[in-house]
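As structure tokens, the structure follows; a few thoughts come after it.
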Amino acid sequence: MKTKNFPLNKIAFACTLLLANPVAWAEDQFDASLWGGGSVLGIDFARFNVKNAVLPGRYEAQIYVNNEEKGESDIIFADNPATGRAELCFTPKLQEMLDLMDEAIVKSPNSEDDTCVFASDAIPKGTFDYQGGDMKLKLEIPQALTIRRPRGYIAPSRWQTGTNAAFANYDINYYRSGNPEVKSESLYVGLRGGVNFGNWALRHNGSFSRFENQSSSGFTDKGKNHYERGDTYLQRDFALLRGNVTVGDFFSTARIGENFGLRGLRIASDDRMLAPSQRGFAPVVRGVANTNAKVSIKQNGYTIYQITVPAGPFVINDLYASGYSGDLTVEIQESDGKVRSFIVPFSNLAPLMRVGHLRYQLAGGRYRIDSRTFDERVLQGVLQYGLTNHLTLNSSLLYTRHYRAGLFGFGLNTPIGAFSADATWSHAEFPLKKVSKNGYSLHGSYSINFNEIGTNLTLAAYRYSSRDFYTLSDTIGLNRTFRQFSGAYLPEIYRPKNQFQVSLSQSLGNWGNLYLSGQTYNYWEKRGTNTQYQVAYSNSFHILNYSVNLSQSIDKETGKRDNSIYLSLSLPLGDNHSADSSYSRSGNDINQRLGVNGSFGERHQWSYGINASRNNQGYRSYDGNLSHNNSIGSYRASYSRDSLKNRSTSLGVSGAVVAHKYGITLSQPVGESFAIIHAKDAAGAKVESGANVSLDYFGNAVVPYTSPYEINYIGINPSDAEANVEFEATERQIIPRANSISLVDFRTGKNTMVLFNLTLPNGEPVPMASTAQDSEGAFVGDVVQGGVLFANKLTQPKGELIVKWGERESEQCRFHYQVDLDNAQIQNHDIQCKTAE
């Protein structure tokens, strides 16, 4: 193999690219004489006489059915002898994504056979349109042949497990303070990490702390180094359960009843596995259309849903959960123009579920408090069910050897507001005291939203617990106390008796916002009632923002009454900078503060704050802080001093270390699910995540948060990568499972200019318009006039390439190559391409 390096004339190079374009537009006839006429071997140029012609091969495309996006997938085109051109293959993966009725498909693909089943034969009633320039594949088919799914539905088979990897989140904070009399130091390290292997995720969290105090007299108090274990569990999800299974140390996650720590097993539903339009509460809308009609659903004057339905009964059950309350107005516009409407009551303020939806949890194991595990074995079951548009039922059972509790309740949606109520019965046993207690607790709440007068929200909640009502934590704690202090009397633990809360927020338009709240509560073991009130008002005057907060708390047992007032002002000082001031008074104490804060940097990666304060007793303090965020974490520092000669300094850093198949990557702290990006040779390219992340020296980066069971778009902005790095694509789709670590590979090339002058064993040049693929089936270039393969998508310095001008073995050849991908000059190689014997 000969190798030559030479500069290529730019005009000739551009002409080569144009001639290599395989697509002919509109109905233009392809003139084969421009390519040498009959001297070209085996190429049927008639394939390019159709619009958007495409060569055989594998392509990436966004899939659409009747203009509804279904997701991203690889698609395959193969030569169809019946039509003389490459046509779309109907693969099992494509069949799954299209989500069509069985009667729409007359010929199904065979997952065990690579034979191409052409989509035009498999779905004769559909019309496919592949738009190569936009990388889109569109199918138009009668709506009756599609399976109606909730909006945003993603088949569980498309959920991605992710890659095997390990990570550790860390949060380190060092604090030092002192004055002439005493000095102290403390160190805190918070950890949360895990390992993913297959469908399982192992997670652990804990913290390490130490401190040291030293007085001016020389006395030193060194605290013990202490590591506190939190949760340690193994978890995976199951589509069949619409939930997950957790084994180990964890906290129960019931939305009703009591939550606590366990060492054991939990099976619980996960609402995130539902389509986005099925999460939260929204009513099912039912109606009847007399003709082919347009149905519009409005809330608070805005159209939130619209669909065309055929004549007859219709059901709409995929409304997105709204963040606002307000009845739904359903308008039916018939084909003759007549419009009729009806109202569906709706409030999102009660614990409501959609009709037919179920939320559950079953947990059992040994009781845990902090990092301690006790002998008491606990079993808990929780069930919530949406019975109708207006009624949701809630229930919970809790069982241990010395404690039982049962809860039953409901959420009710009505035109005059949302109600919820529940009753809990408890039976607590204290064996060492030979005493058992039976009690109950009643809870009720009411909420309503008056949108007509400016989004006025009222919320009231009341709970009453009888004298003999004990929670699980009360019972276990008391029994442990009795065992530790034999013969001790029944200690006081301050169990709630009455609790009442009310709050109201009111938008006043241009006059600002008003918020009122109040609560009162008392205990069986204490006399008197504690009461708290709060009034808050906020508004702006031109660019000045201001707020006032008044509060009062009353303890009738001690007769203590605390009144406080807080006033704050904030004034913008240009982009991302502001000055703020506050005044507060509590009793006889008055404090004033003045500060400046903001952010700066190309991506606002730096932030700062400077404050000065004083009180009415002559005390003054000054403090400042600075923080920085980048791809590998966040860093913070602060300093303060006051008029009493107290000084303090703190330093902090938080981030994550992620180990994966491409190495070890430093990152910002990661969430439950996150993604690893790998793009070879693309160091410096920015990640389009809004998280101030760039690819490191090795072409790796971490997107710290992804949304499970949803389509996530992971993108790269290549502008800061080396100029000769070429991306096959700059955006990918992933659909991660909960707790998954996704690996997103972006194929890149150094855009090395390599020309292979290919000849066949008989001395003829390889046919023009042939395509070349690497051993993995990836496209690397086209053959132009004279058998020249322009290969600008090589990803490996050596390997084997396959050149095709048809699907038969006699219409293919292969050759091995070795090039220098770091060479910026054009490389030219003379090679004989070997055909099958």
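Glycine is treated like the rest: Cβ placed from N, Cα and C.
What you see is a predicted model, and the numbers here were worked out from it, not measured in a lab.
Per Swiss-Prot, these features apply:
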DISULFID  Cys813-Cys833  disulfide bond
SIGNAL    1-26  signal peptide
Helix, strand or coil at Cys813 (disulfide bond), per DSSP?
strand
Based on DSSP, name the secondary structure state of Cys833 (disulfide bond): helix, strand or coil.
coil
For Cys833 (disulfide bond), which residues of its chain lie six or more apart in sequence with Cβ-Cβ distance below 8 Å?
Leu758, Thr759, Leu760, Val766, Val803, Cys813, Arg814, Phe815
Neighbouring C-beta atoms (10 Å sphere around the C-beta of Cys813 (disulfide bond))
25
